[in-house]
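The block underneath contains the structure these notes are about, expressed in structure tokens.
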Amino acid sequence: MLKILLPTFMLFPTITLCKPKQLWPTMSINTFGIALLSMQWFKPSQELTMSFSNYYMSIDYISAPLLTLSCWLTPLMILASQNHLITEPISRKRTFTFIIILLQVSLVLAFSATELIMFFIMFETTLIPTLAIITRWGNQMERLNAGTYFLFYTLIGSLPLLIALLSLQNQIGTLSTHMIQLNQPTMSNTWAHTTWWFALLTAFMIKMPLYGLHLWLPKAHVEAPIAGSMILAAVLLKLGGYGIIRIMPTLNPLSKTLPYPFMVLALWGVIMTSSICLRQTDLKSLIAYSSVSHMGLVIAATLTQTQWAYTGAITLMIAHGLTSSMLFCLANTNYERTHSRTLLLARNMQLLYPLMSLWWLLASLANMAIPPTINLMGELTIIASLFNWSNITILMTGSGTIITATYTLYMLATTQWGGTPSYIKTMPPTHTREHLLMVLHTLPMMLLVMKPELIWGVFY
């Protein structure tokens, strides 16, 4: 763990001391080096036991893939943001990079925490850099409104979580996840324990987000700059899924009967948000609602608490993290050239940018969960585990899969084909940096297809 954290902390003085012209190359190389170092975290994912670095931090088969994803996204965010910050003074570029590194540290500490209160503190700490990225570097004036939604939705869910954790500490004397699993609190079906159960899960449901608590997400995505959209879709939503996986085993036996409302909302949300995508005119909003739909499957899977469901949930979280981040990058390349997120104003891009059209096709196929992508592995595993839990779920998950394929084809057809808008006279060419960004998204997906046990851990 220290092999990753120490180089990451060393980036803070590097940002300050680095010469202005060398800031982007230096930070890209250093963060990419840290991302490659983080690959060694996959080794604990093959073992049943946790790999401890100290009493408060450890890695296991659940956290290892998410930790590696967090480190992998940081250099990609720096690569993607260079054009967005090209007119900014050097002091603001340094501040932006500083915030991104701070976010990476917070995420690494959150995913590796063994104490629930430390996880809670880091869970909340990620809020501050993300809020700064959205409200300071967003594109429109509505970014302040989006930041307010993001802040208050998260905080409203977090206060009951804090009270519930303090109550748990008072009851059993520890908040260590290992000790709680050994000495599980006994919960009877009373109003107090039911309220406590909901308090522990609501914050994670808002973060995922669950359908009905999701209104902050499309706003935040649409108004955030490219780096904000990438980290929000790829990693921050997964904090919610990770929290549910960690906290659910401590909530038995109430977890056998109480998840039904959440389960119904999650599965209904898969159909509803997929249907909303069919009516979207805003490209980033469409991808944001697509995230809500995929995370609905993850919520439903984690609430069933079976080995197959956990396997599918972690696989889909990693697959969705890479796919949605890539889609946001592609949407950003369109936005930087047409200065509009409206689908109809950026048509026939296949004629203008043939290579970029290939990346659009690959990202769309992954979003549709076409074989042999890891998206398919995750979705099939979740659908099978939910079918095993209740046969009627196949109606919701099957419908969701069909509508997902429909809106993804709608998005691909609208952006890549059709008549070129008359107002487009000249378009700047694509850059090697943008194609490198797409390769670095696609490469992990292809490698995981060949060796999926890295993220399946010991579940399979």
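Glycine is treated like the rest: Cβ placed from N, Cα and C.
Nobody curates TrEMBL annotations by hand; they come from automatic prediction.
Looking only at the domain 'NADH:ubiquinone oxidoreductase chain 4 N-terminal' (1-110), the predicted model's pLDDT averages out at 88. If you look up TrEMBL, you'll see 1-110 marked as domain 'NADH:ubiquinone oxidoreductase chain 4 N-terminal'.
If you look up TrEMBL, you'll see 1-18 marked as signal peptide.
The feature transmembrane segment is assigned by TrEMBL to 61-81 (among others).
The transmembrane segment annotation in TrEMBL covers 93-111 (among others).
As annotated by TrEMBL, domain 'NADH:quinone oxidoreductase/Mrp antiporter transmembrane' applies to 113-403.
Counting same-chain residues at least six beyond the ends of the transmembrane segment (117-137), those with a Cβ under 8 angstroms from any Cβ of the stretch are 56, 84-85, 96, 99-100, 102-103, 106-107, 109-110, 143-144, 146-147, 150-151, 154-155, 158, 161-162, 165, 169, 175, 203, 207, 220, 223-225, 227-228, 231-232, 236, 239, 243, 246. According to TrEMBL, the transmembrane segment annotation covers 117-137 (among others).
For the transmembrane segment (149-168), same-chain residues at least 6 beyond its ends with a Cβ under 8 Å from one of its own Cβ atoms are 116-117, 120, 123-124, 127, 130-131, 134, 175, 180, 185, 196, 198-200, 202-207, 209, 213, 215-216, 219-220, 250. TrEMBL lists 149-168 (among others) with the feature transmembrane segment.
Under 8 Å from some Cβ of the transmembrane segment (196-217) lie the Cβ atoms of residues 123, 146, 149-150, 153-154, 156-158, 160-161, 163-165, 167, 187, 232, 236-237, 239-241, 243-244, 247, 251, 254-255, 258, 262, 265-266, 268-270, 272-273, 288, 291-292, 295-296, 298-299, all in the same chain and six or more residues away from its ends. According to TrEMBL, the transmembrane segment annotation covers 196-217 (among others).
Feature annotation from TrEMBL assigns transmembrane segment to 229-248 (among others).
With a threshold of 8 Å between CB atoms, the same-chain residues lying at least 6 positions outside the transmembrane segment (260-279) that come near it are 201, 205, 210-212, 214, 286, 289-290, 292-293, 296-297, 299-300, 303-304, 386, 393, 396-397, 399-400, 403-404, 406-407, 410-411. Look at TrEMBL and you will find 260-279 (among others) tagged as transmembrane segment.
Here the transmembrane segment (286-303) has Cβ contacts under 8 Å with residues 205, 208-211, 214, 217-218, 220-222, 233, 237, 240-241, 244-245, 248, 255, 259, 262-263, 266-267, 269-270, 273-274, 276-277, 280, 309-310, 312-313, 316-317, 320, 324, 327-328, 331, 343, 367, 379, 382-383, 385-386, 393, 397, 400, 404, 407-408, 411 of the same chain, all six or more residues outside its ends. Among the features that TrEMBL reports, transmembrane segment is placed at 286-303 (among others).
The transmembrane segment annotation in TrEMBL covers 309-330 (among others).
What TrEMBL records for 351-370 (among others) is transmembrane segment. Listed by sequence, the residues of this chain that lie at least six past the ends of the transmembrane segment (351-370) yet keep a Cβ under 8 A from its Cβ atoms are 290, 319, 322-324, 326-327, 330, 333, 376, 378-380, 401, 404-405, 408-409, 411-412, 415-416, 420, 424, 427, 430, 434-435, 438, 441-442, 445.
Sequence-remote contacts of a segment are chain residues at least 6 beyond its ends whose Cβ falls under 8 Å from one of its Cβ atoms, and for the transmembrane segment (390-415) they are 267-268, 270-271, 274-275, 277-278, 280, 283, 286-287, 290, 293, 296-297, 300, 334, 343-344, 346-347, 349, 360-361, 364, 367-369, 379, 382-383. The transmembrane segment feature in TrEMBL is assigned to 390-415 (among others).
TrEMBL lists 436-459 (among others) with the feature transmembrane segment. Beyond the transmembrane segment (436-459), the same-chain residues lying 6 or more positions past its ends with a Cβ under 8 Å from any Cβ of the stretch are 42, 45-48, 60-62, 64-65, 72, 75-76, 79-80, 307-308, 310-311, 314-315, 318-319, 322-323, 325-326, 329-330, 359, 362-363, 366, 372-374, 377.
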Helix, strand and coil counts within the domain 'NADH:ubiquinone oxidoreductase chain 4 N-terminal' (1-110) (DSSP): 82 helix, 7 strand, 21 coil
Beyond the flanks of the transmembrane segment (229-248) by at least 6 residues, Cβ under 8 Å: 62-63, 66, 69-70, 73, 76-77, 80, 100, 103, 107, 110-111, 116, 119, 123, 126, 130, 133, 177, 200-201, 203-209, 217, 220-221, 255, 284, 287-288, 291, 295, 298-299, 302-303, 305, 310, 313-314, 317, 320-322, 324-325, 328-329, 332
